[in-house]
Amino acid sequence: MVALSGLGILLGFIFLMIGSWKKINLLIVTLITSAIIAVFSGLDIAETWTGPYMSGFTSFASQYLLLFVIGAMFGKIMEDSGAGWRLANVVATKAGDKWSIPALVAITMILLYGGVSIFVIVFFILPIGKSLFQKLRIPWSYFPGIALIGTIPPVGMLPGSLQVLNIIPTTYFGTDLMAGAGVGIVATIVYLLGAALFVKILLKNADQHFDIKEFQSISANDIDEEALAKKAPNAILSVIPILTALLLINIFKMDIVMGLLVASIVGLLLFWKSLNNISTTVSKGVENGILPLIYVSVVVGVAKVVETVPFFEVMKTTLLELQINGMLKIMSTVSVVSAMTGSSSGSLTMITNLFGSEFLSWGYDPELIHRLMATTAIGFDSMPWNSVIVVMFTLSGVAYAKGYKHAFVTSVLLPIIAAFSILLVAPFFY
């Protein structure tokens, strides 16, 4: 039965991977995944769904509901008011041609670090990127790979970030958002240097591959910049809610949910003239947080099912007895699950649920584990079925065949190199 149980887990995760790739509803995919695991482990399907699956789902959903909905509301306020657009526009305008690519990266990093959703930011950087790439004669197929550079450090590497991937480990390891600051900054520097070198090589012969027809494939609607310029708050006002959240949570150690709530209220007070309908913005923002919460929660449900089957103890023992460095074990485990699920937050939650206590028992500083796991999770999650990758390629209109190889370097290869840099410098910090 133990061997069959292991086969069930393998087949279940293969189905999870294929289902994610085929864009099947994740709730359906995880229910079927759980059923496959249950059948091969001799468990009743109905009892598995109503028992461990729902236990994992409700545990995560109840713990993170307020964070997801208030975080999404904050992002919606920044979007609808034009504040996010204003910050992006000012940075891009001030940078000039020479620093335009770093500016595009900086825009993304600033907004993400402040808690704005990547799905909101894509709409800001697309029109900026379109204008910029045409002006500099850069092939549009390079856009996803270059644009993704700014999404990596703020999500998992940079200490203090308000992104959910930096928040999840705090629950399990008793850390705060500034955990592993030293190693996180090193990883960020390594990543950005690698990205800068890659972009330099990429742009060396860019003009030879430039094709103006590529820009006709962009499927996202152009932003009405004239209308936004009239209604959006100035840059100083626009950055205040982001600074409010960062200061309250990281400096004054306010509860994360309360910090985001206060920042949202500050945004509403400052931007009320720029918001067409405050109640609509708030309601839509809350709605925007529900679906991502469900998608992560169902993955946690699968983790709970795995935890109940006979093969789990064998798997855990095998992991513990691997004759490799403990931090390499952590990286390997997170990478495999991230690649399968295509979700950094889902995989991180699953791994901390299944192996968090074991990782702590190895004697590493919880802050180091926090930063290593968060950094590693943003590597192999960027498979073609990852939601951010899908949105980036869909809205930009770039074909996977043309653009994914560049995206792979900036969103998979370089983050993994950055994670390895944490292993190398950890002894100097801990």
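Backbone N, Cα and C define each Cβ position, glycine as well.
Here is what TrEMBL records for this protein:
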type	residues	note
TRANSMEM	6-21	transmembrane segment
TRANSMEM	26-45	transmembrane segment
TRANSMEM	57-78	transmembrane segment
TRANSMEM	99-126	transmembrane segment
TRANSMEM	146-165	transmembrane segment
TRANSMEM	177-203	transmembrane segment
TRANSMEM	232-249	transmembrane segment
TRANSMEM	256-272	transmembrane segment
TRANSMEM	292-312	transmembrane segment
TRANSMEM	383-401	transmembrane segment
TRANSMEM	408-429	transmembrane segment
Leading stretch by Cβ pairs under 8 Å, where the reference is the transmembrane segment (256-272) and the options are 6-21, 57-78, 292-312: 57-78
Contact check, the transmembrane segment (26-45) vs the transmembrane segment (232-249), 3+ Cβ pairs under 8 Å, seq sep 6+: no
Long-range environment of the transmembrane segment (6-21) - Cβ separation under 8 angstroms, sequence gap at least 6: 28-30, 32-34, 36-41, 302, 306, 309, 311-312, 314-315, 339-342, 383-385
Same-chain residues at least 6 beyond the ends of the transmembrane segment (383-401) whose Cβ lies under 8 Å from its Cβ atoms: 17, 20-23, 118-119, 122-123, 126, 140-141, 143-144, 147-148, 151, 214, 216-220, 295, 339, 342-343, 407, 411-412
